[in-house]
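Notes follow once the structure below has been shown.
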């Protein structure tokens with residue numbers, strides 16, 4: 001999945017270079033590249049503007065989906081820290097939490113974070129978040145190192161673990177993997193801001209190789225350590241001791257700051273469109289109201305689906321698959337169709353897009369079924385608890 005995702009990033013960059021030269025523009029966004037690519041093909045020329053709108057729609061869905069996942073992550077991890085605080089020790093040798101003090105539902109914790117996140121997104125200039133983002137990155141990197149160290153130090157006998165997952169879970173895997181690798185929406189903005197954009201491909205290949213190895217390494221170590229009991233977030237499996245509670249809180253801080261960065265993309269697409277119809281003196285209040293509304297929507301969706309793995313799989317299947325797998329090969333055909341594309345390239349592009357389409361359909365179907373199933377189970381349990 002990592003190799004295919006990086007290949008599609010490379011396709012997008014190459015198409016953008018070709019189209020920007022053809023249009024005489026210094027750089028293009030993903031949406032503009034799709035629009036100009038459709039203009040390059042006679043069958044789609046008249047409807048090219050819908051290419052840009054389609055990309056912008058999936059960018060909005062993807063980024064707001066990330067924000068939903070962040071709400072769920074914050075709620076689940078803070079809930080666990082609070083519930084186990086009375087039983088926390090300095091002994092980090094045990095892999096499992098021994099006791100808990102039941103408190104609020106994780107969805108109520110999400111609501112507690114809502115006003116703080118609203119205040120965070122009121123910061124409209126990303127330059128004001130640079131220092132906090134740097135601190136958040138260091139906090140998350142330190143947390144990952146400690147999690148990896150614990151996992152490698154407590155690997156159990158792997159003989160009893162299944163070597164291959166169930167076939168029914170592969171659509172969920174597809175959505176989660178694409179969610180993890182989906183960074184294609186920021187590829188062109190990053191390249192456009194580089195001092196030496198000619199080195200961009202090297203930077204992407206090197207960076208994504210490290211990311212892929214980290215995903216594989218941490219995922220494998222976590223599975224060998226915790227086995228089938230591993231949670232949707234590995235932080236939920238950490239021992240009940242203060243050092244790992246600090247790790248969870250540091251990671252939550254990093255996720256909290258990162259929310260503003262993920263929120264920036266949909267805000268920059270939606271708010272200017274709405275502001276065009278607002279009088280000058282009402283623009284600032286309207287801007288803040290729009291930001292507040294978008295944050296409330298992400299919180300509401302997170303409360304409706306308070307399962308981290310399902311939120312990630314749904315966002316990955318529905319929107320990330322289009323941006324990362326389906327559209328880039330199509331864009332290559334649209335851009336270079338009159339440049340003598342070989343049969344192998346056409347077959348390769350068709351296969352990659354087909355994989356994305358199958359993953360989109362199967363992943364969305366399986367994830368929605370799982371959401372309905374877990375919601376029914378949760379409702380039944382809550383009804384039984386209320387009755388008792």
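Just so you know, glycine gets a Cβ as well, placed from its N, Cα and C.
The domain 'Amino acid transporter transmembrane' feature in TrEMBL is assigned to 1-368.
The transmembrane segment annotation in TrEMBL covers 54-73 (among others). Sequence-distant neighbours of the transmembrane segment (54-73) (same chain, 6+ residues past either end, Cβ-Cβ under 8 Å): 30-31, 34, 106, 110, 113, 117, 179, 182, 185, 233, 252, 255-256, 258-259, 262-263, 265-266, 269-270, 294-295, 297-299, 301-303, 305-308, 311-312, 314-315, 318-320, 322-323, 327.
According to TrEMBL, the transmembrane segment annotation covers 106-123 (among others).
Residues or ranges marked as transmembrane segment by TrEMBL: 130-152 (among others).
Annotated transmembrane segment per TrEMBL: 172-190 (among others), in sequence order. Beyond the ends of the transmembrane segment (172-190), by six or more residues, the same chain brings 1-2, 5-6, 8-9, 12-13, 16, 27-30, 33, 59, 62-63, 65, 69, 165, 200, 204, 208, 211-212, 215, 265, 309-310, 312-317, 320-321, 323-325, 328, 359, 362-364, 366-367, 370 to within a C-beta distance below 8 angstroms of the stretch.
Annotated transmembrane segment per TrEMBL: 202-222 (among others), in sequence order. Counting same-chain residues at least six beyond the ends of the transmembrane segment (202-222), those with a Cβ under 8 angstroms from any Cβ of the stretch are 2-3, 5-6, 9-10, 13, 144, 147-148, 151-152, 155, 180-181, 187, 194, 230, 234, 237.
Residues annotated as transmembrane segment in TrEMBL: 242-267 (among others).
Taken from TrEMBL, the feature transmembrane segment applies to 288-305 (among others). Long-range Cβ contacts of the transmembrane segment (288-305) within its own chain (Cβ-Cβ under 8 Å, at least 6 residues beyond either end) map to 64, 67-69, 71-72, 75, 107, 110-111, 113-114, 117-118, 121-122, 263, 266-267, 270-271, 274, 311, 314, 371.
According to TrEMBL, the feature transmembrane segment maps to 311-331 (among others).
The transmembrane segment feature in TrEMBL is assigned to 343-366 (among others).
For the transmembrane segment (242-267), the most Cβ-contacting stretch among 106-123, 130-152, 311-331, 343-366 is 130-152 (pairs under 8 Å). Looking at which of 106-123, 130-152, 343-366 has the most CB pairs under 8 Å to the transmembrane segment (311-331), the answer is the stretch 343-366. Note on the transmembrane segment (130-152): residues 92, 214, 217-218, 221-222, 224-226, 234-235, 238-239, 243-244, 247-248, 250-251, 253-258, 261 of its chain, located 6 or more positions outside it, place their CB under 8 angstroms from a CB of the stretch.
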